[in-house]
Structures are given as C-alpha cells and as structure tokens.
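S.K.: Sending over a structure as structure tokens; questions will come in a sec.
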C-alpha cells in the first residue's frame, strides 16, 4: 500500500474518523489562478493542455501549492470519451465545446466504438501516473468521468445546450436509440474509470451535470440506471486500499435516497440542497460532499467564513462530510478568497470531530 501523508479525504468518504473536515474545490485547477492561465497559454489550447501529461500534472498541482487542500483532482475534461469515439471535439470561442459529428440516430450509435482507455485515452492514464508520481503521497488523487446521460447530452445536442430539446426529442421519440447510446457510454465509462484506478486514482467521481433537467421517472431510467451499472462494475479496491466512489447530480437533491441505493460511498450536493436535510435522509448510508454556493467566493472573507460555519453546523457532529463547493469555482473569483475558504473549513471544523 502506498503511504499517504494526508488521507482525510478518503477517510471522510468512508465515514471514518478525521481530525478536521477535508476540503477540495471542483475546478480547483482553473482559470481563477494566474499560474493556470500561464500554463494554458504555453499549451496553446485546452485539449492540448489535457493531452500533455507534464502540463496536466502541473495545473493539477498548482492549487495544492497555494492552499492546504486535502485532495488533488485529475486535470482533464468530461468530454474525453466522446472525443475518443470520433465525434470531432472542438471549442468555439464563447460557445464552449462543440462536435463536428453529433449523434442523430441509431445508425450513428451503432458506429461508435468503445474506446480503449490505454490507447485512445492513454494520454489521460499518462497524466494520472505522472500526477501520482509528483504528488509523492501528500494527498490522494481523484479520477473522474462524466455520467452517460451528461455525455449523451453533448453528443446528441452537438455541444452545450440550454433547453436540451434535441436529446429530449430522441428520448421521447426514439428511446431505443438513446438507451443503446447510454449503454455504450456506461461500458466506456466503467473501462475508463477502472483504467484511471489502475493508473493510480485513489477515488473516483461521476459528474452528472445535467441529470437535474430530467423528470423523476426519466432520471431513474436514463441517468441513474446507467450510473448504477457503472458503480456495479468499478474496482473498489486497489493498492491495498478501498477506492471510494462519489456520485454528483447537479439539481438532483430530490433523488438522494435513490442515488444512495447504487452502492456508491458518497453523494455530491449542489448548493440548492440543505445539508442537514440531506444527512437526515441518507447520512446513515453515504458520506456527503458539498455544498457552498460557488458565488459565495465573491463575498468578503468574513462572509465566506460565516457561510462555512453555517454549513458545518448544518452537517453537525461526526464523520462523513467532505467540504466542497456546490459546483465548480468561477473563473473570476479572487484566489485569496478561495484561500480564506479552505482555511476556514479546517479551522472551524475541528470542533465537530472531537
């Protein structure tokens, strides 16, 4: 077993005792940091940054040099799998990710390959191995993937969407085609995450960014069902240590009980869910991650500290809480406000772990 100097994050996910509440931030390696912008400029474009193991490692480590974070998260993108399937990923200025060959029908789905994680996605595994080496056992490394539903939204819509009318048309008019796509994606995500674990990821997270746009019935059928399949197929132990799995559906606070039944170790909460209520509902089954509104980081540090105190009190005494934002950090947040947030979590949480 590789020695970890700080295993708070892994212990909290398994609802084991810790000295203080662990904290990390979604998108902690990102554009709010001037050093990230410099490395991104050096890479040339976003996907070149993802595909260069040394540069991906550098931006992964940047926030850890600034803040005493309790975990590192692989620097990558959720759209690596659709890109490896040959959909022609590119980034349009001001538009976000786009695909030159979106999925429009069952025939398109039939043609999609299931990518080999050590071949077409080998650059991700190289990044994982490089980051693990450079972390030198300081903190654990989180691997991740998008959920099948969330990946499918981009693949069918051809990019980002506000209304999701194209994929919902497929969902209601040709559900068989969508289920075939989701099944293929579930197999791809399972292989991809297991390869990340074998390469050195010590915990994995599934980001279901767009599950919250579905009705309850559709969420069960088109999103949660496939995440459950992935959880069932994941390696849960590696290098002599349990590998915790976190599910995060943005806008999914009403479905926590169903999510907790998947066999995952933890659930991510966005800021619209009350953490005290979430703990009452599912805290006996899973750990909880979250859940400060990312926009709170625009506030003065004293106000950030008040919000941290409120969320810690909401979760209350005992184990099973990883502090995080309710979604990714915004790109124009002052870096010192992020530092105040991390410091406040550690300082104010000790009283809950005595």
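Glycine too: its Cβ is placed from the backbone N, Cα and C atoms.
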S.K.: Looking at substrate binding as recorded in Swiss-Prot, which candidate out of 327, 337, 346, 353 goes with 27, 28, 29, 30, 31, 77, 154, 209?
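M.R.: My reading of Swiss-Prot gives 327 as the candidate in that site.
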S.K.: For residue 77 (site 'Transition state stabilizer') and residue 29 (substrate binding site), determine the Cα separation and express it in whole Å.
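M.R.: Taking the Cα atoms only, residue 77 (site 'Transition state stabilizer') lies 12 Å from residue 29 (substrate binding site).
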S.K.: Most Cβ neighbours within 10 Å: which of the binding-site residues 27, 31, 327 is it?
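M.R.: Top count of Cβ atoms within 10 Å goes to 327.
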S.K.: Please report the number of other Cβ atoms within 10 Å of the Cβ of residue 154 (substrate binding site).
M.R.: 26
S.K.: Should residue 154 (substrate binding site) be counted as helix, strand, or coil on the basis of DSSP?
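M.R.: Where residue 154 (substrate binding site) sits, the three-state DSSP reduction gives helix.
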S.K.: With Cβ-Cβ distance below 8 Å and at least 6 positions apart along the chain, what are the contacts of residue 29 (substrate binding site)? List them in sequence order.
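M.R.: When sequence neighbours closer than 6 are ignored, residue 29 (substrate binding site) has 36, 59, 60, 62, 63, 73, 75 within Cβ distance under 8 Å.
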S.K.: Which three-state DSSP class does residue 27 (substrate binding site) fall into?
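M.R.: For residue 27 (substrate binding site) - judged by DSSP and reduced to three states - the answer is coil.
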